[in-house]
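Quick look at what Swiss-Prot lists:
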BINDING   76, 82, 85, 117  [2Fe-2S] cluster binding site
DOMAIN    41-133  domain '2Fe-2S ferredoxin-type'
DOMAIN    136-286  domain 'FAD-binding FR-type'
REGION    289-413  region 'Catalytic'
TRANSMEM  10-30  transmembrane segment
């Protein structure tokens, strides 16, 4: 019976330890509730009393402004990565954080510039906010479709109220609001073509529970470029890549969470309601009649499609337009049929598809593995197929969007050919 008494002692000790842990958690939660006092704070904006907002202390300045109807852009979802939620605090600014120091110059910091996503509201503040952010609004959209257009990319199509059209420009983006949610990735098969199942099964991506029911609303927004152009309203489209954890032994690392916003979007089904806000953006078309070259990879397809369709189908532009699109294989290519149709219809539009890792089935269909302009990294194919033949590369406009490595490779290449940064429009917040 000695072993039984020993087992009993272990059980009692374990139970006591667990109970102590639960008690400590309860004490911490109660302490936060009763000891951390929430008090009203006034945000005086642009020295205009009519714009003064009263908010609760303790939240980020970004969240407080959003709750007050002032839609400061935060494409990265409040992670201090995009550096776009800049606000100047003209009175009562706290000491800058490291994220502020890495964003602003010493003079700007002294002037009160801060990242609103990192600044906590603890007392009254006086702010300067750009007037354009007062024009941003929110819309409720209904999911029309949410199908995979590549293994890890969905095309989310929403319908908004036609009596309230969203006044966006091609190259712009909207922020998608993510409510608390819980999903099982196996349910995503409902909006996924079976051709994509095998890759998901190889990496054990199905039957994964993603629980964000206790979501922190301060970080529950993310911006996505619009794949649609204004003439397609009341429909709006996005291309969204799922942010999986890193893979360990061909399975997602269980210690690292899935992307909050992309997982929410992948869980959406026709009929679901989605809140979007905006519009925002700076990567618009420069109307100077220079020929335009689009260098697009992956989910950057949103950015390219919006501009190209607007130029050709809406503005009937006669500018020379060239699209270089990079994908791993034909299965990962997006909007190929649409672009091939446009190329036949518009003599000023040229479409080049480049595959970095064509599948055997692609080769069986006739894809030329040995052609370096068709099978290559996109930046190398572009250099061989067009850039090296341009007499004056600096006379062109370059619109760039894709994964981080794609973007950096393109920027380095263009710099080597003497292209000024002012001739490059880069959309990289989603990288």
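One-based numbering along the chain as shown.
Note: Cβ is positioned from N, Cα and C throughout, glycine not excepted.
Remember, predicted model here, so these are calculated numbers, not experimental data.
Of all the binding-site residues listed (82, 85, 117), 82 has the fewest other CB atoms within 10 A of its CB. Taking DSSP states H, G and I as helix and E and B as strand, the region 'Catalytic' (289-413) has 59 helix, 26 strand, 40 coil. Taking the centroid of the Cβ atoms of 76, 82, 85, 117 as the [2Fe-2S] cluster site, the other same-chain residues with Cβ within 8 Å of it are 62, 73, 74, 75, 77, 78, 79, 80, 81, 83, 84, 115. DSSP assignment over the domain '2Fe-2S ferredoxin-type' (41-133) gives 19 helix, 29 strand, 45 coil.
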